[in-house]
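Q: Okay, handing you the structure first.
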Amino acid sequence: MRLICLSVSHHNTPVELRETLSLTSDAIDRALSKFPIREGSFEPILEMVFLSTCNRLEIYALVSLQQEGDENLNSIFQPVVTYLRQALEIPTHPVEPYFRFYHGNSTVEHLFQVAAGLDSIAIGETQILGQVSQALELALQSGSARHFLASLFRSAIHTGKRVRNETEIGRRPISISSIAVHFAEKTLGSLTNKQILVIGAGKMGEHAIASLREHGVQQIILVNRTYPRAVELVAKYGGEALPFENMPVGLKEADVVFTSTAASQPILHRELIGEVMFHRPHRLLTLVDLAVPRNVETRVREITNVQLFDIDDLQRYVTTSGIGNHQNIAHAKSIVDEEVADYERLLRVIPLIGELHKKVEHIRQNEVARTLRHLSNPDPEVLEQIDLLSRALVRKILHEPTMHLRTETNQETLNNYVDTLARLFDLSERESDLLLKKEAI
């Protein structure tokens, strides 16, 4: 078996390609409904989890080798690529040159860093941990994730919580929205006296309003398709709520627009912005598009006195400015490294423990059966007591070695325990050693 991850993310893939793979929960559910457990296709794929956010699509999979000893990476990853093409029912060929593949324990390291917020545009951002949890929940509901990936993702979620609870990253959270506000100030100067329009009242929209308030902005208009949600947020943070159909009114008044809706197609077209600018030809309009897929049609850049920035512009700003939690990464990475080591240790010993218990249980059953053959018409209660006694003996005998294996932190000592136990009890080669071969391509 192999643990692998196929990743498309902001690190190397432009937003115009990422947005073609941006999946809603319903789309993921439909894709997982075609999982091979149900249809018998793509036999090498044993378990699978989709992680889809604004800036990444990742497929984590446990795959079997097509033939014993097959170490060809293409043969390992190809079933997942094929599954992605067919399950999503959208063209993936333009994006495939940007695929990044993780293999073995580099997959573990990558997922733990993602859950900790260390792989995000905004280092330590808070939304990703919930998105990792949701990805696992969807996979469990569909049956595509079972014991192995469930254990992996729960360990990653635990790691993400530790980073947020034990480091400055958690105590000083940052978001894409707050970076966008910083970026707008860097580009335009103080926003205090600017008229701001926020489109979208989800998490990113709320974070944008909160950050604007922290920067002293007073004039905020919030537009949302669900008007009561907009009213709710302005009651909390201040500002004015505007029905979605009145958005052109807000655009005519705005100096800066932050947009972050979940629309699958642009909601701000060249024609609309052109009409808005006809009424204010000499006044600059700055559009900051946080959404993926993008909310603003790129052709608006052709309009005089309109400047448009998208999520890739924000990433470049983060890279060049150093804004964010970069100074707090070292402590967070040390926690991730510790948790990865713990997970790998458990991954190595748990299959061995299971195999040991299975072998001893087989011996127990055979010996109980052999003993019972010498008894004539035994009382059912006696049979039950014999069974209970034998089970209790097995549990007590195996308890100490099991605990030593689970709790040993010295890798050399653990390796000695594992190798000795495997030889003494004639246990088979451990799949975990193959699972954790480290590669990323």
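Note: Cβ is positioned from N, Cα and C throughout, glycine not excepted.
Since the structure is predicted, the reported quantities are computational estimates derived from the model, not experimental observations.
So TrEMBL lists the following for this protein:
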- 7-167: domain 'Glutamyl-tRNA reductase N-terminal' (DOMAIN)
- THR53, CYS54, ASN55, ARG56, SER120, GLU125, THR126, GLN127, GLN131: substrate binding site (BINDING)
- CYS54: active site, nucleophile (ACT_SITE)
- HIS110: site 'Important for activity' (SITE)
- 183-316: domain 'Quinate/shikimate 5-dehydrogenase/glutamyl-tRNA reductase' (DOMAIN)
- GLY200, ALA201, GLY202, LYS203, MET204, GLY205: NADP(+) binding site (BINDING)
- 332-427: domain 'Tetrapyrrole biosynthesis glutamyl-tRNA reductase dimerisation' (DOMAIN)
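Each of the listed features needs to be described in terms of its position in the shown structure.
A: A simple way to gauge crowding: the CB of CYS54 (active site, nucleophile) has 23 other CB atoms within 10 angstroms, across all the protein chains here. Secondary structure from DSSP puts CYS54 (active site, nucleophile) in coil.
Of all Cβ atoms in the shown protein chains, 21 besides its own fall within 10 Å of the Cβ of HIS110 (site 'Important for activity').
All protein chains included, ALA201 (NADP(+) binding site) registers 26 other Cβ atoms within 10 Å of its own Cβ.
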Q: Taking the Cα atoms as reference points, how far is ALA201 (NADP(+) binding site) from THR53 (substrate binding site) in Å?
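A: Taking the Cα atoms only, ALA201 (NADP(+) binding site) lies 17 Å from THR53 (substrate binding site).
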Q: For HIS110 (site 'Important for activity') and GLY202 (NADP(+) binding site), what Cα-Cα distance in Å is obtained after rounding to a whole number?
A: 27
Q: Can you give me the Cα-Cα distance between THR53 (substrate binding site) and MET204 (NADP(+) binding site) in Å, rounded to a whole number?
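A: Just about 12 Å between their Cα atoms.
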Q: If you measure every Cα to Cα pair among THR53, CYS54, ASN55, ARG56, SER120, GLU125, THR126, GLN127, GLN131, the residues listed for substrate, what is the largest value in Å?
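A: Greatest Cα separation within the listed binding residues comes to 15 Å.
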